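Copied over from TrEMBL:
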type	residues	note
TRANSMEM	6-29	transmembrane segment
TRANSMEM	62-87	transmembrane segment
DOMAIN	95-220	domain 'Phosphatidic acid phosphatase type 2/haloperoxidase'
TRANSMEM	148-164	transmembrane segment
TRANSMEM	176-196	transmembrane segment
TRANSMEM	202-222	transmembrane segment
TRANSMEM	229-251	transmembrane segment
TRANSMEM	263-285	transmembrane segment
TRANSMEM	297-317	transmembrane segment
Amino acid sequence: MDSGIIPMWQPLCLSGLLGFVVAASLLGLTRRFRSIVQPWVVRRVQSDLPLILKIQRWQHRYLDVFFSVISCLVSVPFYTGFIPILFWSGHSKLARQVSLLMAFCDYIGNAIKDAISAPRPSCPPVRRVTATEDEKENAMEYGLPSSHALNTVCLAGYLLHYALTTYGHEMDGFRVLIGFSLVFLLVSLIGLGRIYLGMHSFIDVGAGITMGLVVLAFWLIVHDHIDNFLTSGQNVTSFCAGLSFVLLFAYPTPEAPTPSFEYHTAFSGVAFGLVSGIQQTYLLFHSEDIPRIFSPELSILVFFARLLAGIPTILIVKFCSKALSKWLLPVICNTLGIPIRSSCYIPALKESDSSKNKSDNKQIGYLQRAISFLPHKTYDVDTGIRFLQYAGLGWSVSDLVPYLFTRLSLS
């Protein structure tokens, strides 16, 4: 648990990452990387168009519905329900690992997308099916790699690994084969569905699956070390806060704005909130000794009661965190002299040409000179608001709601 002692490797890690961010900015690494990779990817996407159109000849409303539904298995609404269910059903270690793995996958996938900035298949001639608002936002992102393919490989692969390591002694070879077959089938259907729906080309899906396998292999090497650090390490919350802050600046700038950075911010906020909550309540609510669902201590009726109490609570906390952040962050930034704007959350802070010129001529105060290491530009306060509201959501899942369960005799 946190003890206030700062291990040497933590500041070295953060300073090294910050140094890379500064060097990448000065050398224009993103722009150089994009100039090399993007033309090749664009040619591959264009060459895949005939195959995509052949697949879309199977067009049928039932296929539209089927592939749209299975695409929701790795969507934001899915994670919003799936992660709390894992925590509140007693599988806390699995929930911790899945949450952090998905945040890691989201950052890697979206950062590569925006670094390359390769387009999706052209529509038309490709028919693009966006049945949900979530899919409409996904269509605004760049193409390579397919986040759905990457996340499916990592999520399904890790769940299979967890089942084999936890219950492997109860499984024979046939059941293990069924597990691998189901994972292979799910990944194949997700990949085929992204192509059928017109959301990705073959190169996008192939890159997503390949990156997913690499990320999964890496995670299986380090996941125990990460879990030990989260549950019994030193200075965990402060280090994660610093890491989240640096990663915001490490994110590459795309050719055109996309929702990808917003997704990363939300996932990072959830991960930070979960970590901060676990640090406070590990022995009470998240150790390996807590009861699991279907055990005598946690019946299915008690579990459903937990859901009925927990889901509304985390949604209320998310709303309150957003409202508090919208009021507090602009006050803090103005006090420190940090120039800010808002793209959507605070209409009064939406930037215009006149306000931009006015801010350029504004005298720099003492506090702003004290933080003059920041680049002289306006910062989107929506990023901080989004991070804090999802951090509140994550904290409520791992700290507030389990405490509420004890007060309601649901623990």
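In case you wondered, yes, glycine gets a Cβ from its N, Cα and C as well.
Here the structure is a predicted model, which means the values were calculated and not measured.
The list of residues near the transmembrane segment (297-317) in space but at least 6 beyond its ends in sequence, with Cβ under 8 angstroms from a Cβ of it, reads 81, 84-85, 88-90, 291, 392-393, 395-397, 400-401, 404-405, 408, 410. The transmembrane segment (202-222) makes contact with the transmembrane segment (148-164), as judged by at least three Cβ pairs under 8 Å among residues 6 or more apart in sequence. By the Cβ criterion (under 8 Å, sequence separation of 6 or more), the transmembrane segment (6-29) is not in contact with the transmembrane segment (263-285), since fewer than 3 such pairs are found. Mean model confidence for the domain 'Phosphatidic acid phosphatase type 2/haloperoxidase' (95-220) is a pLDDT of 88. Remote same-chain residues near the transmembrane segment (229-251) are listed as 1-7, 10, 13-14, 17-18, 20-21, 24, 96, 107, 110-111, 114, 261, 264-265, 268-269, 271-272, 275-276, 278-279, 282, 286, 383, 387 (criterion: CB distance under 8 Å, separation of at least six residues from the stretch ends). Summarised by DSSP class, the composition of the domain 'Phosphatidic acid phosphatase type 2/haloperoxidase' (95-220) is 95 helix, 0 strand, 31 coil.
Here the transmembrane segment (263-285) has Cβ contacts under 8 Å with residues 1-2, 76, 83, 92, 96, 99-100, 102-103, 106-107, 110-111, 230-231, 236-237, 240-241, 244, 247-248, 251, 383, 386-400, 402-403, 411 of the same chain, all six or more residues outside its ends.
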